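One structure below.
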Amino acid sequence: MPNASSWSASSPLLLLWEDSSSTRIFLSLLYAVLAISGTLSNVMVIYLVFSFKKLQTTSNAFIVNGCAADLSVCALWMPQEAVLGLLPPNSSSLRSAEYRLLRGGLLGLGLTVSLASHLLVAFNRYVLITKLPSVYQALYQRRHTGCMIGLSWALALLPVPLLPGLWTLGSAQSDGSSRYTALLLALAVLGQTALLLHCYLGIVRRVRGSAKRVSVLNFHLLHQLPFPAAPPPPRRAQRRLSSVSVLLLCCVFLLGTQPLVWVSLLGFFLRPAPPALQAASWLLLCSLSALNPLLYTWRSEEFRRAARSVLPRGEGPAAAPRPAAAA
């Protein structure tokens, strides 16, 4: 039977078996909460986009693509991690290479497509805001949009066999291949982050120069046009709210991705980070799969209207007359 250190190397992210049982239970509960909330929120966004024609836009197509990828993390991978924290370390089936490959494949596929969808959404909005409408229409035809989505899944399938090598990062059994795999992962996420920031910061600069153009384009992450009964907000306040929305999205994305990048770079060039720090960086990255639906829809009035119309208390009680008024 393998010792505790070998089992911790083959069971990443969640726990070390030399940790206390209370720590393992806490992490299992945390994964369970993320799994439930992330599954519900991702399914809700997918359902709303497919059910309401106003939400069927090119940008939302990329958001749905990301939600589908996040479901492989929240609905398939996270529940397994939650269960692993409650099982004894001598379960032979959980230590099998096939099971590790399955878990690594689900996680790698979901995170890769999710990160690619972040970039596709950012680039779509960058072209929408900063380029001429003719350029946007030519680039985002339905066929081109489908090819972009298909390419994100095709590229995600290539590195899936490498993902199980990441599980041994920082352990005594770590070899050169896993270290180089971690380096490639860090560089890929770093490059993707640089492109995403370039797109959103370009949007912020354009918004500050022309807030009226952004409102007319109905860019739902930014401050939209108000209801007809509401007075229009001041131009300066509109630019401020638009910039804050985009910068908040960037900050959440950086908080979720950059710890893993720098932990991986530290392990390659200097020495492996403590196991707890590695686990925390992975947990932050995986938590994005549960936060992404809210991250992209919380400022959208169209999404809020659609959600209110399908929730049990959406419009029924508000539309019913009060007994006192009828009397």
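Every residue, even glycine, has its Cβ placed from backbone N, Cα and C.
Listed by sequence, the residues of this chain that lie at least six past the ends of the transmembrane segment (25-50) yet keep a Cβ under 8 A from its Cβ atoms are 14-15, 56, 60-61, 63-64, 67-68, 70-71, 73-75, 78-79, 81-86, 283, 286-287, 289-294, 296-297, 303, 306-307, 310. Per TrEMBL, the feature transmembrane segment maps to 25-50 (among others).
The domain 'G-protein coupled receptors family 1 profile' annotation in TrEMBL covers 41-296.
Annotated transmembrane segment per TrEMBL: 62-80 (among others), in sequence order.
According to TrEMBL, the feature transmembrane segment maps to 100-123 (among others).
TrEMBL lists 144-162 (among others) with the feature transmembrane segment.
The transmembrane segment annotation in TrEMBL covers 182-203 (among others).
Residues of the same chain lying 6 or more positions beyond the ends of the transmembrane segment (244-270) and with a Cβ under 8 Å from any Cβ of it are 115, 118, 169-170, 179-180, 182-183, 185-186, 189-190, 193, 196-197, 200-201, 203-204, 207, 221-223, 277-278, 280-282, 284-285, 287-288, 291, 295-296, 299. Annotation source TrEMBL lists transmembrane segment at 244-270 (among others).
Marked as transmembrane segment by TrEMBL: 276-298 (among others).
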Distal contacts, the transmembrane segment (182-203) - CB-CB under 8 A, six or more residues away:
115-116, 118-119, 122-123, 125-126, 129-130, 159, 162, 166, 169, 222, 246-247, 249-250, 253-254, 257-258, 260-262, 264-265, 267-268
Which residues of the same chain, at least 6 past either end of the transmembrane segment (276-298), have a Cβ under 8 Å from a Cβ in it?
12-16, 30, 34-35, 37-38, 41-42, 44-45, 63, 66-67, 69-70, 73-74, 77-78, 107, 110-111, 114, 118, 121, 169-170, 221, 249, 252-253, 255-257, 259-260, 263, 267, 304
